[in-house]
């Protein structure tokens, strides 16, 4: 089996975790108490969903997941919520005092008290796996736990499980709206620390999802529940190939092989289509060509940046539902003729396709319409550098005046770590710039063809 362990860190991670596991349960027909009425084989069934759920002797399905937060309130909601019977109590780990939006608290002071307990739980989950494939880590960049504790955890996971892939789903600070003043500090510190430990990080920014909810679903004032449900659809599409059988299945390592041209350039953009409300879906025929086109619209992306200014290095299209390869090939051929979509010159083919016959499931009473087919596009584009540049600029403005730095130093960090992290980010921006530059400039390599 190719099992995956999900680790949800901090408030953002835990709440996205709630949305994701709710959706997985609906997709697999697992009830909130972990029973699966349709499943006849109790015990070691090697159905695909066993990559995400382990089965007890009593026929109960338990998520292979750990929820961690340094303060109790958010995890207490899981402990008392609808799915409280789904999780083993030891999978829900909460501390006593939170990281107070402070990377240093999450990484050094408070984080180190709880890290061994967390690794212990992860080890227990890993021991139940026959062939652990890797970890999915959900967190935000801006929070103290999400940034500080995640980076500590990633470092330790690299030590304990060196070769296993680690994928991140990170909530990137939105350009306009902000949940914390020190977000730029936390984001840059955590990116610097986890850069060498993470194999692939899917970034999502809240503002982009707000706009999608407002524009496509006509929700005037989207709540975090709306955002998380939309996000869980994306996570579900990315992991669908691990949980269901399909025509072209994609596993975790396959993503990395196809999306990450250089180890540092591992921040693909996610785009999902169709995001459409039930009233509208009733009147629309969403063909494969239409939803594929929608993926290349900047408006449907999960991070605010404009790929029309950047170049694509690689692109994964993950279809699910009623989709046949012929339609996909036709849709991709059409896209390749469009001049607005530019690939770097050293990557001529650029499209990887996965097809899964399980149609997308929606949460009853949610905002998304039930559709026959959907697609999630993961693209590695140089436009992500815009997002980094924006963040670096905010960091510079604050750091020039050393604003708020004393909170970090007071928790045992050194000021040198800030400048070191900032230099690393500058290098990352430079890397993106170089990757996008044409390879044949100035030298006569073109003669061989």
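Cβ from N, Cα, C; glycine included.
Per Swiss-Prot, the features are as follows:
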| type | residues | note |
| --- | --- | --- |
| BINDING | 11, 71, 140, 144, 145, 179, 206, 228 | GTP binding site |
| BINDING | 71 | Mg(2+) binding site |
| MOD_RES | 282 | 3'-nitrotyrosine |
| MOD_RES | 439 | phosphoserine |
| MOD_RES | 449 | 3'-nitrotyrosine |
| REGION | 429-449 | region 'Disordered' |
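Our reading of the GTP binding annotation (11, 71, 140, 144, 145, 179, 206, 228) yields a largest Cα to Cα distance of 22 angstrom. Neighbour density around each Cβ, counted as other Cβ atoms within 10 Å, peaks among the binding-site residues 11, 145, 179, 206 at 145. Comparing residue 206 (GTP binding site) with residue 282 (3'-nitrotyrosine), their Cα atoms are 28 Å apart once rounded. Between the binding-site residues 140, 228, the minimum number of other C-beta atoms within 10 Å of a residue's C-beta occurs at 228.
Straight-line distance linking the Cα atoms of residue 140 (GTP binding site) and residue 282 (3'-nitrotyrosine), rounded to a whole number, equals 35 Å. Across the structure, residue 179 (GTP binding site) and residue 282 (3'-nitrotyrosine) place their CA atoms 36 angstrom apart. When Cβ neighbours within 10 Å are tallied across all protein chains shown, the highest count among the recorded positions 71, 144, 282 belongs to 144. The CA atom of residue 145 (GTP binding site) is located 42 Å away from the CA atom of residue 282 (3'-nitrotyrosine). Reduced to three states, the DSSP call for residue 140 (GTP binding site) is strand.
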